[in-house]
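Lifted from Swiss-Prot, the feature list:
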type	residues	note
CARBOHYD	ASN44	N-linked glycosylation site
TOPO_DOM	1-66	topological domain 'Extracellular'
TOPO_DOM	88-102	topological domain 'Cytoplasmic'
TOPO_DOM	124-140	topological domain 'Extracellular'
TOPO_DOM	162-185	topological domain 'Cytoplasmic'
TOPO_DOM	207-224	topological domain 'Extracellular'
TOPO_DOM	246-264	topological domain 'Cytoplasmic'
TOPO_DOM	286-304	topological domain 'Extracellular'
TOPO_DOM	326-365	topological domain 'Cytoplasmic'
TRANSMEM	67-87	transmembrane segment
TRANSMEM	103-123	transmembrane segment
TRANSMEM	141-161	transmembrane segment
TRANSMEM	186-206	transmembrane segment
TRANSMEM	225-245	transmembrane segment
TRANSMEM	265-285	transmembrane segment
TRANSMEM	305-325	transmembrane segment
Amino acid sequence: MHLNSNPNSYICDAYQHADLLWSLSPHVLTKAVQPQVTLLPTVNGSNPRYDGVDGHWPESPERSPCVAGIIPVIYYSVLLSLGLPVALARLAARTRKPSYHYLLALTASDIVTQVIIVFVGFLLQGAVLARQVPQAVVRTANILEFAANHASVWIAVLFTVDRYNALCRPLRHRATSSPGRTHRAIAAVIGVTLLTGIPFYWWLDVWRDADPPSTMDKLLKWAHCLIVYFIPCNVFLVTNSAIILRLRKRGQRGLRPLVSKSTAILLGVTSLFALLWAPRIIVMLYHLYVAPVHRDWRVHLALDIANMLAMLNTEVNFGLYCFISKTFRATVRQVICDVHMACALKSQPKQTVVELMLKSVGTEL
């Protein structure tokens, strides 16, 4: 487990827990203040020989370079600054439809993913602080990150099953569907995903671990691939195929297919999920059995890009919602107008602000 002293790859060796925290270059951030020495990396593994280690690590010429440079810093900063406000805007919408609660729960899990992984883990600890953190904090963050990812995926699975029942078993769906039942199902999924995140306390960092993967490493990585991709994709494939088949049968009978907005959103969300997460799963298994990330710069770059695509999944859902649903577009428009109004009020004198507020109240009345 070695570290490169090249300043352009320093942040590559910063804290990247759950291997969803990707490489970046701090050349423009820390060159003036950081001496060009080989720093002790944050320990993120279950190997006891790293506990209590202090000092500098020897350089390793085999360390794969960080070829992505400063691009991930800009990418994830834009991703967070754009994705978090619009995700909060989605939560401002109100409805009594059970299917809509699944969308709101999916939004909430996306917010948690963005805050923990992108801001706390990647930008704050890696790009801003550029320092080590206690091992217990790193491992606890692993639990939260994996739990947030698993919750986001499995809430989408719940949403898929709900749409399947609504189209293929409409009478049963109307009799059993209710906001209370939906809330209990979402709460159960969140509780189970928190439990599934606990074993990832011992997740090893693929960016720095030079030792061959142990049995625990293989079990955790395969468990992650099964929980977050293979099992959900099989559910999506079966249910979406049944939904599309039912819609085609309605069209052949001369009836209108009646593709609701929720169903259209569902098909888009699941398709994008399968496409955007596939590269990450492929590269992870390639790293596990063929070439490690820490030695081959091509695998290093491939995992960078794959992780960026996987994180993009939390953002493209919003564009899909707005493209299909008038409710989302109206909500976002209203939130933007409210923010603009608040900024305008702050820039006006006190008397003018009172007049504007009175006019607004008079208009509503």
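Placement of Cβ uses the backbone N, Cα and C atoms for every residue, glycine included.
Sequence-distant neighbours of the transmembrane segment (141-161) (same chain, 6+ residues past either end, Cβ-Cβ under 8 Å): 17-18, 20, 44, 99, 102-103, 105-106, 109-110, 112-113, 116-117, 120-121, 185-186, 189-190, 192-194, 196-198, 200-201, 203, 224, 227-229, 232, 235-236, 239-240, 266, 269-270, 273, 314.
Per-residue pLDDT, averaged across the topological domain 'Extracellular' (124-140), gives 66. Summarised by DSSP class, the composition of the topological domain 'Cytoplasmic' (162-185) is 21 helix, 0 strand, 3 coil.
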